Amino acid sequence: MNTVNGNQHRGFSVSSDDDMIDITTTGTVTERSIHYDDPGVSHLPGVTYCMGDGDVAADGDEIPGIGQYEDFHTIDWQRDIARDRMRHRYIVKRKQNSLFDLVKGAHDAWSGWVCVLLVGVTTGVFAGVIDIGASWMSDLKHGICPEAFWLNREQCCWSSNETTLSFDIGNCSQWLNWSEVLGQSREGAGAYIIGYLMYVAWALLFASLAAALVRMFAPYACGSGIPEIKTILSGFIIRGYLGKWTLIIKSVGLMLAVSAGLSLGKEGPMVHIACCIGNILSYLFPKYGRNEAKKREILSAAAAAGVSVAFGAPIGGVLFSLEEVSYYFPLKTLWRSFFCALVAAFVLHSINPFGNEHSVLFFVEYNNPWIFFELVPFVGLGIIGGVIAAIFIRANLYWCRYRKTSRLGQYPVTEVLVVTVVTAVIAYPNPYTRMSTSELIYLLFRKCGVTNMDLICDYNRNFTDVKSSIELAPAGPGVYEAMWLLVLALIFKLVLTVFTFGMKVPCGLFIPSLCFGAIIGRIVGVGMEQLAYNYPSIWLFSGECSTGKDCITPGLYSMVGAAAVLGGVTRMTVSLVVVMFELTGGVRYIVPLMAAAMASKWVGDALGSHGIYDAHINLNGYPFLDSKEEFAHTSLAADVMQPKRNETLSILTQDSMTVEDVETLMKETEHNGFPVIVSRESQYLVGFVLRRDLNLALAQARRAVEGLRPNSLVLFTSSSPQQPPEPSSPAPLVLKNILDMAPITITDQTPMETVVDMFRKLGLRQTLVTHNGRLLGVITKKDVLRYIKQLDNEDPNTVLFN
């Protein structure tokens with residue numbers, strides 16, 4: 001029996017071998033050659049319990065926070081995964097002992113599925129509430145439903161006896177414009193001025209509320225959130241970014257920002273909201289809440305659910321999580337992401353916020369097959385989308401960089417209000433910018449027919465028989481007027497989105513990007529349609545248009561253009577195509593979507609190496625090591641490691657440093673960890689200890705250990721020093737329990753291509769560099785990122801965090 005801090009621990013027999021501590025109860029071998037089997041202890045990899053007569057041990061399991069991470073630090077994937085493996089082996093072994101342990105094992109096995117089920121249900125509910133709230137507040141800028149003020153315009157008019165035609169042109173008698181509420185007529189100059197003023201006033205109110213809530217309660221609730229989610233899923237810690245206040249303020253602020261009419265979307269931030277839900281619910285299951293690497297499996301599934309409810313596209317959500325945001329995506333996570341996205345889509349369908357049976361934003365039905373020659377304009381749309389995306393990304397990055405480095409960044413609420421006023425004042429006169437962006441995209445995607453009587457469908461057609469096929473017809477004056485209005489809307493939205501994305505309100509980029517492409521696509525589609533009308537027999541159309549039927553679908557061009565610009569902005573490919581055909585129901589048009597998406601990505605990559613999310617990661621200095629990029633430089637680990645030649649290496653020795661020496665070393669350095677060596681003469685590596693764990697252990701020892709003095713020896717080994725201590729010297733402090741005895745090591749001649757692959761695929765936080773077993777230096781993730789930037793002729797100091 002051994003005594004530690006005055007407590008008796010049974011079943012521990014400790015050998016005095018420096019290389020292996022044998023705690024002999026049953027002798028189970030763990031991940032890092034630690035022998036233990038104590039049912040009351042949750043061991044860390046590399047953590048051992050060293051107890052000898054007269055020694056003082058700071059017991060790692062009694063120290064709160066050991067194994068956790070500081071804010072803005074990178075996690076150690078290998079350590080966390082090893083911890084989970086040991087926990088799982090312990091549970092599996094205990095299952096045979098009793099019925100309680102069997103139930104506990106079953107709960108552990110099913111906890112992941114239960115967690116993603118709860119995440120899916122909660123995400124679906126949040127998405128339904130946000131969709132309904134944003135729709136109601138957006139219509140509130142135009143008028144109100146007197147009989148039931150909580151209904152939006154469409155719901156208010158459901159009970160009306162007017163036809164759908166009258167509803168489309170805004171003549172629903174149940175819905176009152178603000179001019180009518182104030183006693184004026186529906187039409188005329190007075191009504192227009194009142195409507196204009198109320199539109200601007202409501203927009204200002206909503207935007208100011210959104211900005212004020214974000215600034216006062218949750219600064220992390222601004223922006224899209226996807227760059228930070230990508231960084232967090234790669235193993236970075238941002239405390240509070242996925243917290244409950246961020247969830248609440250992001251949800252409320254998102255409804256307000258969208259309703260203000262700003263050029264932004266609510267679909268991107270839904271990924272952030274879903275990940276907040278996943279993070280909060282993961283704490284109900286300690287298997288995930290206490291293990292950062294395991295928690296990221298839940299966050300990957302939550303990201304899939306976020307896209308699923310944003311667009312009504314569960315399969316696209318899973319592929320988006322796999323392709324765009326997740327860093328570690330094993331097969332198990334794929335299944336759970338699929339299940340989570342399915343549950344979220346089902347819950348959203350039950351709530352039915354869109355008021356149709358499809359539960360997707362822009363459901364359309366196209367019956368015409370596309371002509372082979374149309375691949376040329378489809379690829380052309382992809383090229384245009386890539387060019388516009390590259391221009392937008394560069395302009396937005398320039399403005400965001402200016403905002404960070406100038407006095408403008410000190411007045412975020414003022415910036416929001418100015419942009420809101422400019423947006424509202426310019427948007428109202430143009431009917432295509434006055435309506436919400438989602439409504440505009442749906443209008444551009446729709447076919448022209450009896451129920452769609454917008455200017456954009458002003459063709460010289462006679463609808464004598466509703467069931468007859470729509471014939472090719474010349475465009476009327478309304479179509480040409482609509483084209484000019486759409487060009488103005490494109491310029492307006494493109495410019496305003498540059499200034500809007502990155503402001504201190506929740507703002508997404510999916511819907512504005514879709515809108516840019518939808519406008520361009522509709523213009524190209526109308527041009528192709530008129531070409532087919534005027535020259536129906538030319539070889540381009542393969543005889544498909546010579547019969548006089550409508551062979552060109554402008555809405556299809558709008559859909560392809562939307563995919564092209566979104567693909568150029570985000571550099572999505574596979575997930576983009578799946579999202580688009582789930583979003584619209586246009587399954588038969590996968591080939592045009594694929595052609596446009598690939599052309600857009602190629603052009604975007606040629607004009608700029610990063611999509612908008614990766615560009616913002618670089619702008620913010622997050623330590624994100626992209627697994628898609630290749631490291632093509634010929635260099636060695638010795639070129640990158642710290643310290644450089646002729647510099648001092650900050651190290652700890654296993655048995656010759658005092659408490660005062662350790663504290664002095666931590667005061668004089670800012671390193672996040674320290675290698676432990678045998679002695680300064682031999683420099684042979686013993687292990688690695690994290691700064692946080694060392695701080696916590698010393699603080700715990702000061703509180704719990706009597707007689708701890710500055711000259712007390714700190715031992716990272718179970719054996720006593722070679723020279724026996726003097727009788728008057730204090731008892732040594734044994735801290736081998738916080739020592740990682742199996743750190744990842746490489747030699748100084750290891751190629752950097754191999755080192756970068758290790759950091760990417762193993763999720764390393766740091767690796768130690770040795771030569772013939774002797775320690776030379778350390779390479780951290782930050783060192784790798786800075787070195788890559790230096791070789792790419794970029795400023796290495798832009799990598800801000802560890």
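Backbone N, Cα and C atoms are what each Cβ position is placed from, and that goes for glycine too.
All annotation found in TrEMBL is predicted automatically rather than curated by experts.
For the ranges 298-322, 673-697, the feature annotated in TrEMBL as transmembrane segment maps to 298-322. In TrEMBL, the feature transmembrane segment is placed on 270-286, out of the ranges 270-286, 338-354. Listed as Cβ neighbours of the transmembrane segment (371-397) (distance under 8 Å, sequence separation of 6 or more from its ends, same chain) are residues 494, 497-498, 501-502, 513, 516-517, 520-521, 524, 528, 540-542, 544, 551-552, 557, 560-561, 563-569, 591-592, 595-604, 606-608, 610-612, 615-616, 619. In this chain, the transmembrane segment (110-132) touches the transmembrane segment (270-286); three or more CB pairs sit within less than 8 A of each other, excluding pairs fewer than 6 residues apart. For the transmembrane segment (238-258), the most Cβ-contacting stretch among 196-218, 298-322, 409-428, 556-581 is 196-218 (pairs under 8 Å).
Across 110-132, 482-502, 556-581, stretch 482-502 shows the highest tally of CB pairs under 8 A with the transmembrane segment (409-428). Taken residue by residue, the domain 'CBS' (739-796) breaks down under DSSP into 23 helix, 18 strand, 17 coil.
The transmembrane segment (556-581) and the transmembrane segment (298-322) are in contact, since at least 3 Cβ pairs between them lie under 8 Å (pairs 6 or more apart in sequence).
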